[in-house]
Amino acid sequence: MKYKQRKKALILLADGTIFHGKSIGKEGSAFGEVCFNTGTTGYQEIFTDPSYYGQLMVTTNAHIGNYGTKEDEVESDDIKIAGLICKNFSFNYSRPAGDSSLEDFFEKHNKLAIADVDTRALVSYIRDNGAMNAVITTEIDKLESLKQQLAELPSMKGLELASKVSTKEPYFVGDEKATYKIAALDIGIKKNILRNLVKRDAYVKVFPYNAKFEELEAFNPDGYFLSNGPGDPEPLVDAQLLAKEVIAKNKPLFGICLGHQIIALANGISTYKMHNGHRGINHPVKNLITGKGEITSQNHGFAINREETEANKNVEITHVHLNDNTVAGIKVKGKNCFSVQYHPEASPGPNDSLYLFDQFIENIKNNK
Ligand SMILES: NC(=O)CC[C@H](N)C(=O)O
């Protein structure tokens, strides 16, 4: 444990509200949209999930860091959240399988974290007032200039962030001799999605966010995949065009989260920014086709318009979020295309929805 004299830190919200805390190690300032995740476990997966790029994460669990970190329990190669805000930060960890402390992990990835924050008060505040931009800082003597910078920070609405996290070059995952070939568009892909496809005998070629349909098609895939990712789906026009082409050719297509929103937009359904979004690992969803409930992992701040989806002749709602009746899944009628707003790959979260990967492979098999 490298318990240093920890510096005073604070969170300044865009509306001027301030919450106090102490920094963990790194000093300075980090800007982003403040949001909260209610998961009790899975912090390493959350911090490395590219969907969170540009967001300051408030964890509502009382302790963060108590089981350390493990090199292979990541969803991408580095910490993607803009910074962490938590209550009790554990400098010690007690898990035999762990290979580093969370403190070291943050230091290695050069990210700011602040603890000893009244996260309950902060979450109540953003729950009532909605997601907003904020800065976490140890530079408490520079508040006026931070306020100015904060005022200039663009809103998450309309923000294209996929280009910040997507691969620069295509790459391959899995065994070249696998039964199925899948072309995946990386608009912020989580590693556990790739693990789940490979586990189901797929060889996956992962493409940059702005790849054209023809580039994916040249791989001669049996199925196409649109990943999760950060930011607003609306500016991702290339990805929407690509989805349109895959659907027009009736090729198997599966979309998760941002990928789901892209498929909705490609079908003329608009998306909107939610008051607070859904971020946690116990969100109830009903599958309207089977009538079964699933407990799901969720992480999104945008959703697709329900009225427009109901009125759309080409699209059917397949899953509904039981807390607020938002659309949690759709399929395109008469086409080989479906998508969900949540995270069937979990990591973190329950495995109830893994069947969706089997469903995708089944669609591929039937189309082969
Ligand atoms: N997990 C995701 O893919 C998130 C999608 C999108 N960035 C949202 O916040 O709604």
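Even glycines carry a Cβ here, placed using N, Cα and C.
Per TrEMBL, the feature active site, nucleophile maps to CYS257. Per TrEMBL, active site is recorded for HIS343, GLU345. The feature L-glutamine binding site is assigned by TrEMBL to SER51, GLY229, GLY231, LEU258, GLN261, ASN299, GLY301, PHE302. Here TrEMBL flags 7-137 as domain 'Carbamoyl-phosphate synthase small subunit N-terminal'. Residues or ranges marked as region 'CPSase' by TrEMBL: 1-180.
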Reported mean pLDDT - the domain 'Carbamoyl-phosphate synthase small subunit N-terminal' (7-137): 97
Least buried by Cβ count (within 10 Å) of the binding-site residues GLY229, GLY231, GLY301: GLY301
HIS343 (active site) and GLN261 (L-glutamine binding site), Cα-Cα, nearest whole angstrom: 13
Which of SER51, GLN261, ASN299, all binding-site residues, has a Cβ with the fewest other Cβ atoms inside 10 Å: ASN299
Three-state secondary structure, which DSSP defines for GLY229 (L-glutamine binding site): coil
Set of same-chain residues at least 6 away whose C-beta sits under 8 angstroms from HIS343 (active site): LYS190, ASN228, ILE256, CYS257, THR296, SER297, GLN298, ASN299, GLY349, SER353
Cβ neighbours within the same chain of LEU258 (L-glutamine binding site) - under 8 Å, at least six residues apart: SER51, ALA162, ILE187, GLY188, LEU226, SER227, ASN228, GLY229, PRO230, GLY231, PRO233, LEU236, HIS300
Residue with minimal Cβ packing [other Cβ atoms within 10 Å] among the recorded positions CYS257, PHE302, GLU345: PHE302
C-alpha spacing of GLU345 (active site) relative to PHE302 (L-glutamine binding site), in angstrom: 19
The domain 'Carbamoyl-phosphate synthase small subunit N-terminal' (7-137): DSSP-derived helix, strand, coil residue counts: 27 helix, 45 strand, 59 coil
Residue pair GLU345 (active site), GLY301 (L-glutamine binding site) - Cα distance, angstrom, rounded: 18
Near-site residues: L-glutamine, ref SER51, GLY229, GLY231, LEU258, GLN261, ASN299, GLY301, PHE302, CB cutoff 8 A to centroid: GLY188, ASN228, PRO230, ASP232, PRO233, CYS257, HIS300
